[in-house]
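See structure below.
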């Protein structure tokens with residue numbers, strides 16, 4: 001489970017990669033990371049996943065199986081560039097409406113530009129807000145998705161509680177996230193790739209290795225599959241399951257509001 005600690009001044013601390021920082025400071029630090037990589041976010045995911053994130057996202061959309069009917073509403077959190085939302089809308093035959101929520105305006109700007117180019121603006125709403133305090137009424141959405149974003153939220157338990165609140169009864173939560181590799185040889189290979197190659201590739205692509213170093217460290221600090229599934233259950237979700245992708249490099253977690 002993610003740990004929060006009390007700092008010397010009495011405030012709560014949380015992990016920012018391998019560092020411990022005041023809870024209120026983590027969000028600002030994460031915002032700086034994604035402001036730096038916003039325009040190269042897809043390339044960043046290619047580097048982080050060795051190109052496999054596209055197949056994982058396709059599997060996520062297949063698992064969601066969005067309904068092909070008007071009125072089907074999905075909230076995609078930490079989805080600023082629109083990658084998941086675009087896939088959902090297309091999979092629904094352009095019937096679904098996706099609300100893309102992100103705390104980072106730079107990421108949302110990239111997503112809005114892409115939506116216009118894809119002629120999907122009518123199916124999308126872009127909202128700048130915090131996953132821990134969603135600006136929506138209870139029971140507003142049929143599905144809640146978040147891909148490679150939950151580990152960057154300072155209070156994951158609060159984000160999961162908010163997900164439960166805004167879902168309709170019968171609504172589904174899907175969380176795609178880097179996870180704990182469960183194959184002995186693969187874990188060593190991926191560790192070597194993560195801590196040696198990824199920051200250097202990031203520096204070559206963006207001129208700055210630091211954001212990539214944080215992202216690698218944040219994966220190691222994130223709860224493993226069983227512990228994160230327990231957090232989802234604790235938030236109130238039922239029928240909680242997870243599916244490992246590529247030996248556990250990533251995992252898709254699913255839960256229902258019943």
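Positions of Cβ are set from backbone N, Cα and C atoms, glycine also.
Positions annotated as region 'Disordered' by Swiss-Prot: 1-21.
Annotation source Swiss-Prot lists S-adenosyl-L-methionine binding site at 81, 102, 130, 131. Counting only same-chain residues at least 6 apart in sequence, those with a Cβ under 8 Å from the Cβ of residue 131 (S-adenosyl-L-methionine binding site) are 77, 78, 101, 103, 146, 149, 150, 153, 159, 162.
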Neighbour tally for residue 81 (S-adenosyl-L-methionine binding site), based on other Cβ positions within 10 Å of its Cβ: 26
